[in-house]
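First the structure, in the form of structure tokens, and then the observations on it.
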Ligand code: 5GP
């Protein structure tokens with residue numbers, strides 16, 4: 001594979017989607033994988049933009065057809081990454097970013113040991129609690145269940161190459177940008193950008 005594969009995971013409330021969106025706005029050469037999901041679209045979400053929204057039957061037939069690079073059940077819905085799309089992007093030399101959960105990240109790591117895993121964390125459990133409380137419309141037990149689920153997800157941080165603390169959004173974005181930049185500086189990657197120079201050297 002010549003492009004870099006970034007796997008970004010986080011518990012809800014860590015600000016992953018915002019961070020990734022900001023990174024992609026700057027780094028046009030990083031292509032975001034659009035996952036398939038069986039969950040219903042949320043208000044404002046569009047089929048083919050946030051997700052490819054499919055039925056459970058269609059999802060199952062895609063599993064049977066070996067169409068997923070990875071898939072997992074998260075919070076009662078199925079989510080999966082298209083094997084063909086990823087393969088085509090990487091083969092064309094594009095960098096690809098997957099926004100998936102830790103279970104999917106484990107599967108991707110087995111298939112692509114060179115994948116770069118990034119886990120985004122809130123600065124503290126108290127802050128996460130504040131973020132999950134949000135508009136204050138949810139019952140306390142619902143919030144506590146979400147917090148416990150988030151903590152269980154966060155225990156997988158050690159399986160990732162990098163941990164970003166999203167306290168100040170600007171700082172977290174700089175950290176994410178630094179990971180993307182440095183991953184492009186290995187001699188093998190530089191060779192792709194500077195073939196004339198590196199053909200003499202490697
Ligand atoms: P949401 O429904 O809030 O968009 O996403 C719920 C969780 O599913 C998030 O942790 C998100 O990263 C994860 N997710 C989204 N797409 C995929 C996917 O293709 N595979 C896996 N394993 N998880 C995914």
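Heads up, the Cβ atoms here are built off N, Cα and C, so glycines get one too.
According to TrEMBL, the ATP binding site annotation covers 10, 11, 12, 13, 14, 15, 16, 17. If you look up TrEMBL, you'll see 3-181 marked as domain 'Guanylate kinase-like'.
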Within the predicted model, mean pLDDT of the domain 'Guanylate kinase-like' (3-181): 95
Chain-mates of 10, 11, 12, 13, 14, 15, 16, 17 with C-beta within 8 Å of site centroid, ATP: 120, 122, 166
Spatial neighbours, same chain, of residue 14 (ATP binding site) - Cβ under 8 Å, 6+ residues apart: 120, 121, 122, 128, 150, 166
Collapsed DSSP category at residue 15 (ATP binding site): coil
